[in-house]
Amino acid sequence: MNKIKNKYLFIPLITAILSLFFLIVSSTLLAKDNFRNYTNFLKDLNEKKISKVYITQSPKINVKLQDGTMYETDNPRTSNFKEELLKKNVTVLEKSPTNLKISLSISSLIISLAVLITMLIKSSKIASKGIRSVDSLEIASVENNNLNFENVAGNEEAKESVKDIVDFLKNPEKYTSYGARMPKGIILYGEPGTGKTLIAKAVAGEAGVPFYALSGSDFIQVYVGVGASRIRQLFKKARNNGKAVIFIDEIDAIGKKRQGSNSGGSEERDQTLNALLTEMSGFNEKEGIVVIAATNRLDILDPALLRPGRFDRHIEISLPDISAREKILCLHLKNKPVKDIDIKEWAKKTAYFSGAKIESLVNESAILACKESSEFIENYHLDKAFSIVIAGYEKKNRDFIKEKDKKITAFHEAGHALVSLKLLPKEKVSKITIIPSTKGAGGYTLSIPEDSLYQNKDYLKKRIMVMLGGRAAEEIIFGKDYITTGAYSDLKQSSNIAFNMVSRYGMGDTLGLLNMEELQSLNMNQDNIIKECKNLIDTLYKETKSLILKEKNILEKLTTELLSKETLYYEDIKGIKNIKSKSETNEKTA
Ligand code: ADP
Ligand code: ZN
């Protein structure tokens with residue numbers, strides 16, 4: 001903002017200099033060229049050439065001739081000089097002549113100087129304000145942000161979840177007239193580079209409202225109180241503009257769960273967080289302000305942030321699966337000169353890439369092509385760029401997952417899904433994916449449980465089997481010695497259920513109907529309970545393995561589909577689940 005002001009400062013400055021220059025030149029010229037000596041003047045007077053004479057106290061007088069020319073001559077300072085002139089019919093004026101050129105340049109000089117001074121005062125005010133609060137400079141407002149949902153490829157679920165926010169921003173009155181309470185805050189969470197900022201910008205762009213952005217990390221290591229005042233300034237600025245999207249990146253930097261010990265920076269963080277919460281509860285829904293925050297992890301956030309009326313909508317932005325990657329590639333290659341690039345193939349190769357990484361892959365290849373002055377970006381540019389990008393990222397995180405790991409994940413998830421499909425057919429398996437997310441490091445299988453008040457013993461046993469399905473599939477396919485750590489959380493959960501069955505729900509033999517918690521004071525030996533839990537799990541694991549073995553056809557089909565599509569939805573799964581099982585086909589062939 002200051003820079004723009006400075007630019008305009010040149011205008012009065014230049015006018016002032018020009019008019020000063022003009023003034024000096026014209027007055028010196030006037031003085032030099034227009035002096036005639038007194039005798040010449042007397043001659044003109046006698047010849048009746050003179051129309052006006054300007055007399056002042058100065059040593060020079062100005063003379064105007066009939067033909068309009070002006071000159072200066074010496075002031076005779078005689079007492080009857082005026083009378084003499086009057087007698088000769090010359091108009092006598094007792095003032096200096098007004099020279100149009102000179103008076104014009106004087107007035108333009110004065111005006112431009114005045115403008116210059118006011119501008120200087122103003123900008124120095126802005127500058128001094130800037131020093132008092134560093135904030136205003138750092139708040140970036142992208143007023144004419146022309147991004148929209150078309151700039152976000154894939155992420156369909158997330159886009160769907162923010163569509164009503166766009167509608168709300170367009171006409172908040174409509175929603176308030178229905179008494180609907182729109183979320184004031186939304187949290188987008190997911191891996192870095194998955195397009196969280198992009199989506200927030202697209203929301204503002206779609207709704208046609210200004211976008212204000214700030215990063216949580218800006219608040220770390222600043223003086224106490226500065227963070228809070230920045231927050232207040234940001235909201236004030238946004239509110240002055242009416243509707244707005246306020247984006248806070250890396251919200252975890254200020255909104256992390258409070259730890260017991262009060263370490264140095266935490267006071268500042270608390271103040272900042274409190275300012276944010278106060279501002280958020282301060283504005284009215286009608287105002288049409290939505291705060292969008294982004295974080296890599298939802299689970300580390302302070303619960304105070306997530307309460308209703310604050311950031312109560314949480315949207316996961318996951319890594320793109322193969323079809324999303326294809327769309328992202330298309331989007332970024334769209335306006336570039338490309339030749340013979342198989343986008344489908346590249347979508348396959350870029351497994352586990354984030355949107356940002358795909359973007360940088362395309363960008364690197366464009367740079368390479370440009371360096372070579374090649375007419376097009378070709379496949380081998382992408383190949384080269386691929387190794388650059390991989391090398392750059394590989395060190396930083398686990399991104400580049402090998403084909404083999406992908407296969408293990410696929411079989412593991414297919415195992416869960418298969419057991420679920422066979423044992424709990426009423427639970428809809430809505431999604432299987434081998435794209436890691438906060439729901440699972442390798443991948444995950446999502447099923448929607450049937451609604452019921454109670455869970456019976458049979459159901460709990462089947463649930464345990466579904467959890468064991470992942471490990472069972474690994475063991476069947478890769479062999480006993482090649483089972484992986486991928487089953488860690490599955491085993492945790494299944495042990496938990498088994499233990500509860502035996503020790504709390506009265507579903508085991510060792511304790512029968514006794515509840516262990518109530519017997520704790522008896523200091524009894526728990527070995528038997530553990531033994532029973534182990535037996536339970538072991539039996540269920542055997543059953544799971546034989547189920548998977550029987551349905552190996554389906555397991556394999558699910559895996560192949562997973563490996564090619566990475567994410568399978570209900571519709572894809574529906575078609576697979578009714579494939580004839582091995583035993584049935586065997587019966588036919590036999
Ligand atoms: P995040 O905020 O999640 O870290 P960004 O929104 O900053 O990620 O993404 C960085 C860049 O990566 C974007 O500017 C865009 O070029 C690219 N990108 C990420 N996700 C997508 C996507 N879904 N579609 C298109 N481009 C994407
Ligand atoms: Zn699992």
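The backbone N, Cα and C atoms fix where each Cβ goes, glycine too.
Record check: TrEMBL places His412, His416 at the Zn(2+) site, and the matching candidate among Asp321, Asp340, Asp490 is Asp490. Among the binding-site residues listed here, namely Glu191, Pro192, Thr194, Gly195, Thr197, Glu191 has its C-alpha nearest to that of Asp490 (Zn(2+) binding site). The record gives Gly190, Glu191, Pro192, Gly193, Thr194, Gly195, Lys196, Thr197 for ATP. Within 8 Å of the mean position of their Cβ atoms, the other Cβ atoms in that chain belong to Leu188, Leu198, Ala294, Asn296, Ile317, Ser354, Gly355, Ala356.
Contact annotation for binding-site residues (Glu191, His416, Asp490) versus ligand 1: none, no CB falling under 6 Å from a ligand atom. Taking the Cα of His412 (Zn(2+) binding site) as the reference point, the closest of the binding-site residues Glu191, Gly193, Gly195, Lys196, Thr197 is Glu191.
Taking the mean position of the Cβ atoms of His412, His416, Asp490 as the Zn(2+) site, the remaining residues of that chain whose Cβ falls within 8 Å of it are Glu413, Gly415, Thr445, Met467, Leu468, Gly469, Gly470, Arg471, Ala473, Gly486, Ala487.
In this structure, none of the recorded positions from Gly190, Gly195, Glu413 has a C-beta falling under 6 Å of any atom of ligand 2.
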